[in-house]
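A.B. asks: The structure's right below; bear with me while I get my questions together.
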């Protein structure tokens with residue numbers, strides 16, 4: 001891509017004060033925030049950029065979020081076993097949830113994007129928003145330590161915890177879907193990897209779920225196992241709400 005002396009899109013807002021108000025945190029060293037909001041497409045269009053892209057922070061933020069959610073789950077469900085905790089964690093930190101949280105604070109409007117990414121709808125792309133949210137959490141940690149991050153994670157995910165626990169705790173979506181598929185379709189599900197995307201340190205896998213030749217749903221996750229669970233969950237929701245016919 002051709003470098004330019006022109007500034008590419010630098011976010012829809014004149015400043016980040018609105019974002020800081022939304023997350024309840026003011027940055028002391030704004031370089032961390034600038035990095036969290038900088039997509040790699042922006043660097044491709046800027047000559048001699050002074051800030052790196054947010055992919056390293058995204059990597060770090062994923063680990064920080066996992067730690068915070070794990071700590072929250074252990075605190076609220078001290079008797080739960082590892083399998084149930086893992087399923088609750090997976091449901092809480094899935095891409096869709098992170099993208100919803102990012103949209104709620106209008107994170108996309110503050111991102112530094114290249115012109116091509118802007119034109120292709122990157123400001124509203126859910127995978128991009130989820131990644132930027134993780135980068136933002138890492139920036140907060142580097143600037144102010146774990147305390148403000150945990151406060152924000154508790155505020156964001158605490159209200160979701162009871163609902164997730166009620167629907168997810170102890171539930172294996174693949175097993176439940178297999179039983180329902182056998183009952184309604186007379187066959188076993190099969191899972192097909194249809195897409196792998198993202199940088200090497202943060203791959204996203206998309207899996208489609210079939211019974212016979214019938215495509216019933218798909219899901220995305222950070223591992224093939226997580227993607228299969230997400231696909232099975234979507235299939236169950238469709239079957240249980242009548243959005244899929246009960247006969248082939």
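Glycine residues also receive a Cβ, built from the backbone N, Cα and C atoms like all the rest.
Feature list, courtesy of Swiss-Prot:
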DOMAIN    16-145  domain 'RNase III'
BINDING   58, 131, 134  Mg(2+) binding site
ACT_SITE  62  active site
ACT_SITE  134  active site
DOMAIN    172-241  domain 'DRBM'
A.B. asks: What are the non-local neighbours of residue 134 (Mg(2+) binding site), defined as same-chain residues 6+ apart in sequence with CB under 8 A from its CB?
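C.D. replies: Residues satisfying the criterion: 57, 58, 61, 62, 64, 65, 98.
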A.B. asks: Enumerate the residues of the same chain, 58, 131, 134 excluded, that satisfy the criterion Cβ within 8 A of the mean position of the Cβ atoms of the recorded Mg(2+) site; list them in sequence order.
C.D. replies: 54, 55, 57, 59, 61, 62, 130, 132, 133, 135, 138, 202
A.B. asks: Which residues of the same chain, at least 6 positions away in sequence, have a Cβ lying under 8 Å from the Cβ of residue 131 (Mg(2+) binding site)?
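C.D. replies: Looking at Cβ-Cβ distances below 8 Å from residue 131 (Mg(2+) binding site), excluding near sequence neighbours, one finds 54, 55, 58, 198, 202.
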A.B. asks: Taking helix as H, G and I and strand as E and B in DSSP, count the residues of the domain 'RNase III' (16-145) in helix, strand and coil.
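C.D. replies: The counts are 92 helix, 3 strand, 35 coil.
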A.B. asks: With every protein chain in view, what's the tally of Cβ atoms within 10 Å of the Cβ of residue 62 (active site), excluding that atom itself?
C.D. replies: 21
